[in-house]
């Protein structure tokens, strides 16, 4: 009951509320949460920035990087170098059958000398003696044809370029989860054909298609986990995405040891993808993509079901508001009404925009060439050391990713400069291989160990900078330019990645030559990275109005954490 009374002097004229009415009012406020402010993100409010649901999804999606690494690096074990004289010899039967002349063969088994005329020609037919049926034996890729080993790798990297663009374009009309599934199924089919192709051109074509499928998978997968995470959790997930690539590199020698044929290796690295398809049952689709493309109420129902499941797994069901469905519909309308991204020419306009455009494009191009090429370059350190060297490279990549995470979390203001200086110093160290490259009297094991020391440190530095750029480069641009900026930088880098296999041919001149070329790229990439600088915006803290609804929220484990709202945030690649 309200008892009005006249106001006297400075007394308040507020109505007097009886105790039982106060209790009813409190119960009503507890039962009915306040309406969501305009522009709020109900998805983040319900499932949170990170939890068990997001962790499960991330780990499942991360697994797609393992077969992607296998398809890229399998050439190390499907095409190991053969020793002339002991494992392959020139077969001159195709010459002696048509001529009575006598022929002699060069020590490297690559040239045939006609003793009667004194002319030499390249050997065209070989005999092989090896317990492993390699790709080189299948297509006669010895001697001058060794360049075709790099040619097969070129087509794989071209497939990565095409797959990244195709995956991005597919997601304009197909959901990320469906795109991921299409890539996985196609990869199984193309992988098997790649292994059993007996024509070199057909092998290269299907190796390219397999790479397209791998790129579609990890492009769509990143779109999913970047959508259901937020803040530093999203940055950390993108940075650590490549750690499972490195795990694949580490596992590859063990997997290859079970097979005695290059065809069987391809089958072995293809069929684990079947498990990834089965795990899609526990992989959600991108909620915001579904809302942006929602055509009817069933699409909203699907998103609501996904988010309710995520909230239940994260133990946040109490965060679901009564008007949850209405808020999802409002969010769908806001996403559909978003303005289109800025045109590419607009990326060059703004404070430090030109510097960031040039530096980011060049830096990532240098680093991806180095990242892929240096791994394949371990073939130049000798076939007998492929297994330990491959494993060492994998671990150095993992160390680099965690260093990138450390720089981002602990030295965020100067993270670009930390990664840049690290690459400059590591690149200088890698160029020191010329000191002992001609030391023929040095013990072979010691020499290879020194090679690997000066190779793994630049590899860790490159992994650090590359993962940091991929995760944080969208900080350099305003919100309406982020997505196009990331697409431009990544696509540009993958175009230049096509040159990586051919730098390994420099090992024919000297082992230090190919390694030095990659280390020079590390130095140049480090200089470009040091020029990047995340814009700093001064904003006031946003303290949301919170009301405790039940005793569970009173637990210190569920206490709110105040954050600072900023226009500098991360969006998915």
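Including glycine, each Cβ sits where the backbone N, Cα and C put it.
Record note: among 416-436, 542-562, 416-436 is the stretch given as transmembrane segment by TrEMBL. Note on TrEMBL: of 112-130, 131-149, 264-282, the range annotated with the feature transmembrane segment is 264-282.
Within the chain, the transmembrane segment (358-378) has long-range Cβ neighbours (under 8 A, six or more residues past its boundaries) at 72-73, 75-76, 153, 157, 249, 385-386, 389-390, 393, 397, 423, 452, 455, 458-459, 462-463, 465-466, 469-470, 473, 476, 485, 488-490, 492-497, 499-501, 503-504, 507, 514-515, 518, 521-522, 524-525, 528-529, 531-532. The recorded stretches the transmembrane segment (264-282) and the transmembrane segment (238-258) share 3+ CB pairs below 8 A when only pairs 6 or more apart in sequence are counted, and are therefore in contact. Between the transmembrane segment (484-503) and the stretches 58-78, 154-172, 179-197, 238-258, the greatest number of Cβ pairs separated by less than 8 Å involves 154-172. Counting Cβ pairs under 8 Å that are 6 or more residues apart, the transmembrane segment (179-197) and the transmembrane segment (416-436) reach fewer than 3 and are not in contact. Taking every recorded stretch in 58-78, 154-172, 416-436, 448-472, 515-533 and counting its Cβ pairs under 8 Å to the transmembrane segment (238-258), the highest total belongs to 58-78.
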